[in-house]
């Protein structure tokens, strides 16, 4: 009941947001109320996470299609995603309290923000296809409006346009997908779809359309093109929600269809999803390494992480389709764990980026530097987030990647040859993506937060308001907690996985708390808790030994730098120079990355220039081609725009005759 | 109970013998170069001398720079405690497996690279950038080695892999050979040895690891150098343990078996260190952009090691 109240409150807040006007305290109050609503929804999610499957609260409202009331239900999977969504939403709302006054036009953000939260939560609890799609569109359109918040910037308008086109494409695919599952009678409620049997062709099409529809929202390569345009264009707390949470709602749709409604997905789809996931992960992180815009970099990193989750989901489908239910549950737990983790550390980084923009007005890495000293809170929190994204122990990102690796390593036990040879290749891609993510975030953190300030704005950066600092600190603590007590998390996740895979499963079955031992105690185990304790102990011993054997004297001096004195901060490594070796090694063939040096002749006073050319193969190869094709067809169609009335009448008549012919032929059959 | 005792012994042992192993490699290299060379115990004196000196920290350094030596040393030390050196009966054997080992080394590298960028000098950035490029290929290669070992033995825990090999569960396999080759190549890269990096270089532009720690002095430098030495020992224990586990004591073995294990460990380190010295003397350092070929080769070898398992099964 509280959940329904919180959702209605969000709708009401959207209306109030319109009336907020120019007074800042009203905006702050609305964000505060959003935070309370999110916390209520979070508590609701946590409460129902461990419920016995099939006992979740349900509600039927007399709205929607005339012959189909609106069905809502909160089952275990919905509860988990409700936790994911609202944990991040509570943080971004709290952040918004301080951040809204720094926005250029807060009145274009505040009304749509609660609407966006409402849309995402409604997708999760929808129990029929109609409500699901309505809520899905709420989410898409509200976020589209938020992308357009700073509409005076032409780049943002372009981003919003591409986003709208891709959102329409995604919804179209999902609509068709649900249509196929509903069958001829139009059984749109989820229980009816679950009961229905799909024949071969429609079963195939349902999976394909679900992958296209949810995949385009989640940002799978090659459907990711809108994501790095739209996510950075929105205000930072909305970027955090779009990247950290909305992509997860898309994955929720995918899991709902593939694991719950469809029920019998062929194992080969799992193999396909793993390969797509692997490609998405590697491409995403390579794109990220090439970016100089901090928010674009983060958006591409989201693409990478979605790829990592897809590898886990694909494995789960492959195991489930081959009858290996326990391993399917393990892979699904791994994927869900990564979903939870990514929602936290990506929110953390986008909020940090927002703080950086607030403090300096810059989001170009080349103009930042030295912020760890000027903004200590954000410096520490962003470092924790970077370590988590780079999948380093003892943080949460490592645990989920560890679980994905553990389940990948069991992949070759499947009887299919495609899996035996494919899984090692996907494993190599995942490992490559993880290692490149570390390089990417050493670059992002090292350039933005360390070194000397590269611009006046960075040198004069100031602390941001308390609500913005406390939220990133909270999220950083969550990263540590979820990494240090992994078993508690996997136990909660196994409640979600049980109804989807039909098997009781605990990752810690063999050794108990706090040991993660996915298959058995002798098959490899991990304990973040023990590792953290020992590591801290060893670090303390190191510190003591160094003090005991040596001196603790310390002197501050100029940097030595091999005797070179570098006074201008521009002599430091920049984002471009940091990524140069990686660009040469990895991007020379995929992105056709080339460098050319323009060296003026002796006596010429022009400065020498280094030009870097990078071609996005997917945009140029796929999207630009489609764009040209659409233009071409539009030109052809354009000709019928200027006909005489007589010709239009003739066309209508011809169409009518053709339709009648079709009807006649069909009746005769 | 014995697991805890042996674990404590290993914690002390890896730190105690590491400088000696590094000193031995240096001695072998100097003898091959026709020099008399310093005593193999010289690294102990070097570290003690550095600890006595005051630490000089640049004005522009943040807390990252000052914590990096402790985090790096702590992470590498922890990683070295996980790899069974003389017995598989270790308390921490279940706390982390090979994947966690790779990640712990990654943590040390991440923090060191950040420290390199912290001062804001071009050499630091250069070192960090190149180190991350090398790691982006070396880390996947090591995970692929883990993958093939896990397929052979059914586990990712080093202690269990060693127990499996010792129990005679595996014969001579092509895959094992490929995995060994890949692991050796990774070890060379991770430890910054020739042909990837030269630990004794004095030419700034060819430095990788040294460029990152260029600004360190005093106790900070001692810890950074010490971390490098422990890392070398770690890889020797790993290669010696996984691919030549003979002599290793196991759960349930008494003190005598552990003594034999200790002797075997020291002998293996001695052989590997000598081999490393000979190898480093006999080849030249590579150009930076040849690293990708070398390490890409290691990654492919690791991948081939897994795929060959099925090929040999099918034949």
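The backbone N, Cα and C atoms fix where each Cβ goes, and this holds for glycine too.
All annotation found in TrEMBL is predicted automatically rather than curated by experts.
Feature transmembrane segment, per TrEMBL, maps to range A:161-183 of the set A:161-183, A:552-574. Ranked by number of Cβ pairs under 8 Å to the transmembrane segment (A:161-183), the listed stretches A:132-149, A:203-226, A:526-546 are led by A:203-226. Tertiary neighbourhood of the transmembrane segment (A:267-290): same-chain residues 207, 211, 215, 219-221, 224, 228, 258, 297-298, 300-322, 414, 416, 418-419, 422-423, 425-426, 429-430, 432-433, 436-437, 439-440, 443, 579, 582-583, 586-587, 590-591, 593, 614, 616, 618, selected by CB-CB distance under 8 Å and a gap of 6+ residues from either end.
Same-chain residues lying 6 or more positions outside the transmembrane segment (A:380-405) and placing a CB less than 8 Å from one of its CB atoms are 301, 305, 308, 311-312, 315, 330-331, 333-335, 337-338, 340-342, 344-346, 348-349, 352, 372, 427, 430-431, 434, 437-438, 440-442, 444-445, 448-449, 472-473, 475-476, 478-484, 486, 489-490, 507, 516, 518, 526, 528, 531-532, 535.
When Cβ-Cβ distances below 8 Å are used as the criterion, the transmembrane segment (A:526-546) is approached by residues 393-394, 398-399, 402, 483-486, 514-516 of the same chain, each at least six residues removed from its ends. Only sequence-distant pairs (6 or more apart) were considered; of these, at least three Cβ pairs between the transmembrane segment (A:132-149) and the transmembrane segment (A:238-255) are under 8 A, so the stretches are in contact. If one looks beyond the transmembrane segment (A:203-226) by at least 6 residues along the same chain, the residues whose Cβ comes under 8 Å of a Cβ in the stretch are 140, 159, 162-163, 165-167, 169-174, 176-177, 180-181, 246-247, 249-251, 253-254, 257-258, 262, 264-266, 269, 273, 276-277, 279-280, 283-284, 302-303, 306-307, 310, 618-619, 622-623. Residues 77-78, 81, 84-85, 88-89, 91-92, 95, 109, 113, 116-117, 120, 123-124, 132, 136, 139, 143, 146-147, 149, 174, 210-211, 213-215, 217-219, 227, 230-232, 295, 298-299, 302, 306, 309, 313, 339, 342-344, 346-347, 350-351, 353-354, 500 of the same chain lie 6+ residues outside the transmembrane segment (A:238-255) yet bring a C-beta within less than 8 angstroms of a C-beta in it.
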